[in-house]
Amino acid sequence: MKKGRLIAFFLFVLLIGTGLGYFTKPAANNITLGLDLQGGFEVLYDVQPVKKGDKITKDVLVSTVEALNRRANVLGVSEPNIQIEGNNRIRVQLAGVTNQNRAREILATEAQLSFRDANDKELLNGADLVENGAKQTYDSTTNEPIVTIKLKDADKFGEVTKKVMKMAPNNQLVIWLDYDKGDSFKKEVQKEHPKFVSAPNVSQELNTTDVKIEGHFTAQEAKDLASILNAGALPVKLTEKYSTSVGAQFGQQALHDTVFAGIVGIAIIFLFMLFYYRLPGLIAVITLSVYIYITLQIFDWMNAVLTLPGIAALILGVGMAVDANIITYERIKEELKLGKSVRSAFRSGNRRSFATIFDANITTIIAAVVLFIFGTSSVKGFATMLILSILTSFITAVFLSRFLLALLVESRWLDRKKGWFGVNKKHIMDIQDTDENTEPHTPFQKWDFTSKRKYFFIFSSAVTVAGIIILLVFRLNLGIDFASGARIEVQSDHKLTTEQVEKDFESLGMDPDTVVLSGEKSNIGVARFVGVPDKETIAKVKTYFKDKYGSDPNVSTVSPTVGKELARNALYAVAIASIGIIIYVSIRFEYKMAIAAIASLLYDAFFIVTFFSITRLEVDVTFIAAILTIIGYSINDTIVTFDRVREHMKKRKPKTFADLNHIVNLSLQQTFTRSINTVLTVVIVVVTLLIFGASSITNFSIALLVGLLTGVYSSLYIAAQIWLAWKGRELKKDSAQ
């Protein structure tokens, strides 16, 4: 026995444990949390020129982003995320904003200050102001908050005041902020809350550069006005197309619930790996812990924003990371059952499993990349974490896991301890009794997966036809992401009723289309509205529910234009992911396997859609994330099966359909344990997310759970069986010739 390798193993494990204990918490604490985890505000603006005929250029968009960044600083947001999208859109994300009504006003106000006479003729505008010359102060007589500004030219102001003075009795100098064509002083002055800021009477000529703006402000309003004027006017007009706001209490609760769900799920996975795979399972637990740390650390280095779906992706990634370990460990167990030594089985198992793991991960990454390209901001967070998880898990599960296990294997300490790999001694053959065609014992070697394929084809076809009928009758319960409108989520510390929530909205003059209760104690009310309420109405809603229930409601609005775009992008995403997978599988395997795989993937996706239709669960953008995740995961399962088929095809070279049938059946028998164990680990995670996770990812978790179970069926009884029937027909034609 080589004690040096044993000592090296324990030193490495000690080093890893110490490093994880010391560095994991700081890495996790440094990560920037998204809106859905700490509360905040997100809005997608459509950018239009102030003057008709002007064009929105790249320079104009950049200038607008700079102006919005300055305004975000006024709000005290240290790290605003402001991005240009397309040719005429800007997305603004402000995490941690406490007063979202104020944020809305400060962001969208153009801050075009103008001085006009009572007939609305412009006399002065923002160009006449000294840069950064506005400040909030108090009137020396009334002690009311006011804003003082500095003008560039005292003589020009003198001429303006002289002209207005002569217009008595209409000698008002009207100060406007964001005057629009059609606005009228004479109409506004009759209103309780006029649009103009102030309208002082001018009784003498004023040759000065110091001007006071009085408007019955609060101190905060005066301060905001001064800050907006100093930040500079927006060079464009901004129109909200999509918005979502999350109350801080919602975010904190979502973070707590989802992290707790993750801890429970990961702990169960660790116990399963230790129980089923024993020593290799312990290695998997160590490498999975390293995977979690590295993923969080890289996410921090990227300055990426961690969203609720991102945490779900990290937790889901643990379940998927286990897959690489399971594939390798099952291969090692097969080699041990053939009577090989521990060292020989370890080397052979690692060599044979590498291509399978590589192909399975690449196909999942294809789906994740497409998701990143076509997803909304929160879905991009999910896709980023999923891609990062796949790449990191490949490194930890393939290289670190093998390195640590190799230290033990090469020490010769395990030479007589095959049982430590989870192998039953009675299933280990004498190597003298085996040859290249000998197959190891599997728990499912008596199962015939292919003899009833026609019945499964009929069953799958019947389910598809039934699904089409269900969709035609029930259709989908589209969320506002696709149907447009508004969604307002109210949280209370006590049980709510639909009647109570409806009355709350009625008191605000709003008529919700539907009201649904959620949460363990029915303390969350979700109201849907067909139209998109204006900013003033949203402000009233936030104030009302904050005062009544003590927490800000979550408000999301989607315009019809954006709703259609999201629906279109969802279809593009599924189509492009499918095409990408077909191309890759065709290159690595053959086009028949690619087509068979896509048929099973589309069946999975269609089954989930049908399930959501009949259960009336809401379909939103996270639903699309779930669909693409299942596509990536299900192809992973199918790839493992086809990789084993390819291996047997090279070795056995079938000449008849019976030979081909035997190969497919044998491949399914040998990979079924891996399929069950992998699905089980991912299902554990999904179920814990479903039970303990935040309510906002409940439908996402349900879609994943349904897809995972359907994916096992489709991999066994659709993908493999279609390829068998297709390849068998080709084989018969070749033999006939």
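Glycine too: its Cβ is placed from the backbone N, Cα and C atoms.
Taken from Swiss-Prot, the feature region 'SecD' applies to 1-416.
Look at Swiss-Prot and you will find 446-737 tagged as region 'SecF'.
Annotated topological domain 'Cytoplasmic' per Swiss-Prot: 1-5 (among others), in sequence order, evidence recorded as a curator's inference.
Marked as topological domain 'Extracellular' by Swiss-Prot on the basis of a curator's inference: 27-254 (among others).
Residues or ranges marked as topological domain 'Cytoplasmic' in Swiss-Prot (evidence: a curator's inference): 323-353 (among others). Long-range contacts of the topological domain 'Cytoplasmic' (323-353) within the same chain, counting only residues at least 6 positions beyond its ends with a Cβ under 8 Å from a Cβ of the stretch, are 273, 277, 280-281, 283-284, 287-288, 360-361, 393-394, 397-398, 401-402, 405-406, 409-410, 412, 414-415, 417-418, 421-423, 427-434, 438, 440-441, 636, 640, 647, 670, 673-674, 677-678, 681.
Here Swiss-Prot flags 375-380 (among others) as topological domain 'Extracellular', drawing on a curator's inference.
Taken from Swiss-Prot, the feature topological domain 'Cytoplasmic' applies to 402-453 (among others), supported by a curator's inference.
Feature annotation from Swiss-Prot assigns topological domain 'Extracellular' to 475-569 (among others); the stated evidence is a curator's inference. Helix first, then strand, then coil: DSSP counts for the topological domain 'Extracellular' (475-569) stand at 39 helix, 25 strand, 31 coil.
For the topological domain 'Extracellular' (615-621), the model's pLDDT averages out at 86. As annotated by Swiss-Prot, topological domain 'Extracellular' applies to 615-621 (among others), with the evidence given as a curator's inference.
Here Swiss-Prot flags 643-677 (among others) as topological domain 'Cytoplasmic', drawing on a curator's inference. Taking Cβ pairs closer than 8 Å, the topological domain 'Cytoplasmic' (643-677) reaches residues 276, 323, 326-327, 330, 334, 352, 355-356, 359, 436-437, 439-440, 442-445, 447-450, 589, 593, 637, 712, 715-716, 720-721, 723-724, 727-728, 731-732, 735 in its own chain, all 6 or more past its ends.
Per Swiss-Prot, topological domain 'Cytoplasmic' is recorded for 721-737 (among others).
As annotated by Swiss-Prot, transmembrane segment applies to 6-26 (among others).
Under the heading transmembrane segment, Swiss-Prot lists 255-275 (among others), citing sequence analysis as support.
Annotation comment: Swiss-Prot describes 279-299 (among others) as transmembrane segment.
Feature annotation from Swiss-Prot assigns transmembrane segment to 302-322 (among others); the stated evidence is sequence analysis.
Positions annotated as transmembrane segment by Swiss-Prot, on the basis of sequence analysis: 354-374 (among others). The list of residues near the transmembrane segment (354-374) in space but at least 6 beyond its ends in sequence, with Cβ under 8 angstroms from a Cβ of it, reads 320, 323-324, 327-328, 380, 382-384, 386-387, 390-391, 393-394, 397-398, 569-570, 572-573, 576-577, 580-581, 584-585, 588, 624-625, 628-629, 631-633, 635-636, 639-640, 643-644.
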For the topological domain 'Cytoplasmic' (402-453), residues assigned helix / strand / coil by DSSP: 20 helix, 0 strand, 32 coil
Three-state composition of the topological domain 'Cytoplasmic' (643-677), taking helix and strand from DSSP: 31 helix, 0 strand, 4 coil
Interface-richest range of 381-401, 594-614, 622-642, 678-698, 700-720 toward the transmembrane segment (279-299), CB pairs under 8 Å: 381-401
Folded-back contacts onto the transmembrane segment (381-401), same chain, C-beta under 8 angstroms, at least six residues removed: 34, 283-284, 287-288, 290-291, 294-295, 298-299, 302, 304-307, 309-314, 316-317, 320-322, 324-325, 328, 354, 357-358, 361, 364-365, 368-369, 371-372, 375, 622, 625, 629, 632
DSSP-assigned states of the topological domain 'Extracellular' (615-621) in counts, ordered helix, strand, coil: 2 helix, 2 strand, 3 coil
Distant-in-sequence neighbours of the transmembrane segment (6-26), which means Cβ under 8 A and at least six residues beyond its ends: 286, 289-290, 292-293, 296-297, 404, 407-408, 411, 413
